[in-house]
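Report on the structure given below.
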Amino acid sequence: MAAAAEGGGGGCAGRRYWRWSKADFFPEPSFRSWRAYGGALASTFPRLRDRVASRSSEAVEAGTLLAQSENPLRRCLSWVDLAFLGFGSVVGSGVFVLTGQEARFDAGPAIPFAYAAAGFSALLSSFCYAELATEIPSAGGSFAYLRVELGDLAAFLAAGNILLEAVVGAAGLGRSWTSYLAALIGRDSDALRIHVPALAEGFNLLDPIAVVVLIATSALAVSGARLTSTINSCASVVGIAIIAFVLAVGFSHFEPANLAPSFFPFGAAGVFRAAAVVYWSYTGFDMVATMAEETKNPGRDVPLGLISSMSAITVVYCAMSLALVGMQRYSDIDANAAYGVAFAAKGMKWARYIVALGALKGMTSGLLVGALGQARYTTQIARTHMIPPYFALVHPRTGTPIYATVAVTLGAACVALFSSLDVLASVSSISTLFIFALVAVALLVRRYYVAGTTSPAELRKFLFFLALIVLSSIGLSVYYNSSQAGKWPGYVAFGAVWAAGTAGLALCAKRQREPKVYGVPLMPLLPAMSVATNLFLMGSLGSMAYLRFGICTVVMLVYYMLFGVHATYDMAHSGEEIASAAAAIDSTEQGKIVPVSTPPPIGSSAS
């Protein structure tokens, strides 16, 4: 794609930022006329083979594609900023909402172990993100990593899930914000919503407050990364003070008898069910990776910011959940307002307002940082033309992608207005876990495969061991959720296969590349564990989550076949004659796994 981007409608000096034309949305030759589009559709499968086999490069994702935005994102963040952004994006309402629910119905007093298990999985993913962000410091985060290592199709599926997660996650936080505002003023959680009986259940409580909050936080996000980071850091100090209050009060009323008679009343199965649910409390840290393009020293700052924030958050979550079950017996915990009711039982009814304020602060920070990260994801996706490049444009004065921010915000606002939280949560969780698993696989590919360098024998060896890791992880997850879950031989068998795959990579496969600045320790163990834990947690989600995920995936693939494959193909090929000099230096199409011949032109309008 290189500077072929220019041929696909890239930046042009002197153009106004505020513009709206067909050429801004569909600049590719395949969409110049209905005849050209018909010719493109006729060449769908050759083009699909080309896009599946092709790989981008680090230089393209973090360099060449930036021209599509016409103006640069500004490098203004340090590792401290990133650590606070990580804290702000992760510590939202989840720990206040989900802890009581999962302690009451799934984990009991063992809820800290559920948070530890989910936090361990999230920390493994953060290690993978940290290395890839230093190697490919792009605003695209996981999308850019997958384009470089796994190709366009895998990156597109990730892109679709990233955008789905962005919209659904922001909508969920917006509706939670309304619920906690109602609690803060002593009203029922749905009291501030508008009931419309004519609409279906789950979609009949309109939430205009959530819409206003989403628009307000996004307006702050487009004002600039530096200002947004400063506001988030100040808000995070308030959040830390509230968490300190919860821990101090909780442990001052801690009663060991509340952990008896059984610490694991629902068994290990209950702990893992709870871990799959509370994992939602850890999501958002990947937003930090999208800020690499705006970080002063990404090679140092991104790993420090990511890993320090995630480590601290895991400790805080475990401590907060232990304080809750120590204050009140798990069977007496109120699933909907756990901390507020527990404080009231100790004669501190006023404390529920502090809890509600803490949750509101967390959700506001989550929305603010989410608006930053989601817009950066969208910007990089648009730079590749998987979605219209109009959304890649960066405003020259603010240095922020206003169009991308507005697009995500409007989508989230429409969903938040109608959809209930239970409809939103399962879709968001499965999308997140799927992307995290793909990122771990991409890191293994990066370390063990380099196109043009890795011999066919080494490639076959690597793919064999990688298949053992992935398939055994899927098998373990399926077995755990089957009727045979109580029998140990299955765990031994799948665990042995996973261990064989991991050991095979470590001892028999030759590493083809070492990181330039920061590398995941204990390679390949940690990425292999990340694959296993994310797939395992995916298996703990209900069938409805998979049904919704499947429907969304089918819709994404239909879009890709009708639009994405043609736009990205044109982006990679049709501008070559315009940008041949730059392409000779840095072609995005370097590193194909197998030679793929370029399909014939689709006609004069696409030539």
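Residue numbers in this text run from 1 along the chain shown.
Any Cβ shown, glycine's included, is placed from N, Cα and C.
Quantities reported herein were computed from a predicted structural model and do not represent experimental measurements.
So that you can see what the record holds, here are the features copied from TrEMBL:
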TRANSMEM  76-98  transmembrane segment
TRANSMEM  110-132  transmembrane segment
TRANSMEM  153-174  transmembrane segment
TRANSMEM  209-227  transmembrane segment
TRANSMEM  263-282  transmembrane segment
TRANSMEM  303-330  transmembrane segment
TRANSMEM  350-373  transmembrane segment
TRANSMEM  402-421  transmembrane segment
TRANSMEM  462-482  transmembrane segment
TRANSMEM  488-508  transmembrane segment
DOMAIN    518-567  domain 'Cationic amino acid transporter C-terminal'
TRANSMEM  520-539  transmembrane segment
TRANSMEM  545-563  transmembrane segment
Under the DSSP assignment, what numbers of helix, strand and coil residues are found in the domain 'Cationic amino acid transporter C-terminal' (518-567)?
-> 40 helix, 0 strand, 10 coil
Considering the transmembrane segment (303-330), which listed stretch of 76-98, 110-132, 153-174, 402-421 counts the most C-beta pairs under 8 Å | 110-132
Going through 76-98, 153-174, 209-227 one by one, which has the most CB pairs that fall under 8 Å from the transmembrane segment (402-421)?
-> 153-174
Residues sitting near the transmembrane segment (110-132): Cβ under 8 Å, six or more positions beyond its termini, same chain?
-> 99, 102-103, 141-142, 145, 263-264, 270-272, 274-276, 278-279, 281-283, 285-286, 288-289, 302-303, 306-307, 310-311, 313-314, 317-319, 321-322, 324-325, 330, 436, 439-440, 442-443, 446, 515, 518-521, 526-527, 529-530, 533-534, 537
Can we call the transmembrane segment (76-98) and the transmembrane segment (462-482) in contact, meaning three or more C-beta pairs below 8 angstroms at a sequence separation of 6+?
-> no
Given pairs 6 or more apart, does the transmembrane segment (209-227) have at least three Cβ pairs under 8 Å with the transmembrane segment (263-282)?
-> no
The average per-residue pLDDT within the domain 'Cationic amino acid transporter C-terminal' (518-567) comes out at 88
